């Protein structure tokens with residue numbers, strides 16, 4: 001009887017431990033999933049400034065290319081692809097937050113005209129779903145469905161990102177018009193150099209905050225350095241903290257100037273922006289164009305037939 005009770009207690013403890021572990025796993029996964037904030041969303045109501053500059057450039061300081069491809073024209077209530085290409089050398093490795101080297105991630109922001117939005121899953125073709133893969137798109141703001149963000153995602157797999165877009169229908173959306181519209185895109189590869197609060201990441205160069213002699217360099221246990229700079233005139237000391245990642249360029253006893261680089265610049269990524277144009281085409285206008293072309297072709301045919309008939313009449317009169 002005692003053995004049975006002991007077994008029952010052990011069973012309850014194991015069940016409880018599994019339940020707690022499962023809860024911790026779910027909580028941890030949730031926090032990890034939400035630990036990739038799109039920094040621009042936190043600090044800016046609109047990602048594109050009045051000057052045309054996309055705010056992602058505030059954190060990603062290096063300038064790199066980005067390309068966007070969209071159809072020249074689309075019909076109302078139609079799903080189409082906006083393909084964003086973020087090219088880079090796949091052999092490159094970036095400095096991670098812990099100072100180690102790893103693959104580059106990519107991200108993009110797509111600014112569509114008002115009324116254009118992410119296409120619902122039930123409107124996507126099988127081919128389009130394959131192109132999208134496991135990408136998860138989200139609106140920049142709940143009230144800004146025309147601005148889409150994605151990332152960070154692995155660059156080796158998603159250096160080309162396909163956005164599924166649904167065009168508006170002016171018949172149901174009064175604000176939509178049959179016009180030519182601009183589309184803006186921003187894309188980054190790799191980590192940024194500056195955080196939104198203005199502090200530096202470990203993916204950038206660190207400069208001396210004072211002039212003097214490098215009197216001491218301490219290598220930290222978890223990586224990084226503490227560099228003590230002593231002013232030769234008054235012996236005042238300044239300590240510069242270097243996080244893990246950048247390579248040190250100075251040594252003890254070296255004389256340095258203010259703002260002189262203490263480390264190399266480990267950044268291999270960068271940000272770029274571009275634009276394209278798309279026409280929301282009126283179906284009646286297309287039908288009118290087709291009708292006009294058909295009329296021209298028919299007129300040409302009748303003209304040729306009339307000419308041949310006239311030639312036959314002339315030939316008959318000559319023979320008569």
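Glycine residues also receive a Cβ, built from the backbone N, Cα and C atoms like all the rest.
Per Swiss-Prot, heme binding site is recorded for 36, 56, 59, 60. Of all the Cβ atoms in the protein chains shown, 18 others lie within 10 Å of the Cβ of residue 59 (heme binding site). Classification of residue 59 (heme binding site) by DSSP places it in coil, neither helical nor stranded.
As annotated by Swiss-Prot, signal peptide applies to 1-35.
For 286-306, the entry in Swiss-Prot reads transmembrane segment.
The Cβ of residue 56 (heme binding site) lies under 8 Å from the Cβ of 40, 47, 109, 186, 188, 271, 273, each of these being in the same chain and 6 or more residues away along the sequence.
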